[in-house]
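**Student:** This is the feature table in Swiss-Prot:
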type	residues	note
DOMAIN	6-46	domain 'Beta/gamma crystallin 'Greek key' 1'
DOMAIN	47-89	domain 'Beta/gamma crystallin 'Greek key' 2'
DOMAIN	95-136	domain 'Beta/gamma crystallin 'Greek key' 3'
DOMAIN	138-180	domain 'Beta/gamma crystallin 'Greek key' 4'
Amino acid sequence: MAQRSGKITLYEGKHFTGRKLEVFGDCDNFQDQGFMNRVNSIRVESGAWVCFDHPDFRGQQFILEHGDYPEFFRWNGHNDHMGSCRPVGMHGEHFRIDIFEGCNFTGQCLEFVEDCPFLQSRGWAKSCVNAIKVYGDGAWVLYEEPNYRGRMYVLERGDYRCFSDWGAHSARVQSLRRVLNFF
């Protein structure tokens, strides 16, 4: 059974000031909770969370793990817009992900059980990943750039036959890491 709980507190002002919204589970639209879509600081008290810049779990994703984020550039270098969030499902602490060169699990395949800051350093010949299988207990974050930079995508256990299955507009993936969940 997946662990899908935790607590995240969103603040309108920097450094945990202004109006706040406490969230304990899926929240598909902050405005429905009487909270504007401007978030300038966040405190993750437990769990790992994926936040989206639009309501209904759409748009750019941001992974937030246990800790304080006093200003929005700590999780997003572009703006303070955020519309929805949900806890990341965690099953335990055994991590495994297989990446594939082609859609539908074809072509070159490489397995990871640890973080990888640059896929090409592990023998991955391209900057693209077209399909993924996430096994084991934990979730993973994919990044479009090396060293855990650029647009990110959170993947939980399951099969992703094409990059659009994880919400990407392109197959560009150059680094990946495990989501570590602290309660």
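A Cβ is built for glycine as well, from the same backbone N, Cα and C atoms used for every other residue.
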**Student:** Where else in the chain does the domain 'Beta/gamma crystallin 'Greek key' 2' (47-89) make close Cβ contacts, counting only residues six or more beyond its ends and a cut-off under 8 Å?
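**Tutor:** Here the qualifying positions are 2-8, 10, 14-16, 23, 25-31, 37-41, 139, 141, 151-154, 156-157, 167, 179-183.
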**Student:** Taking the domain 'Beta/gamma crystallin 'Greek key' 2' (47-89) alone, what is its mean pLDDT?
**Tutor:** 87
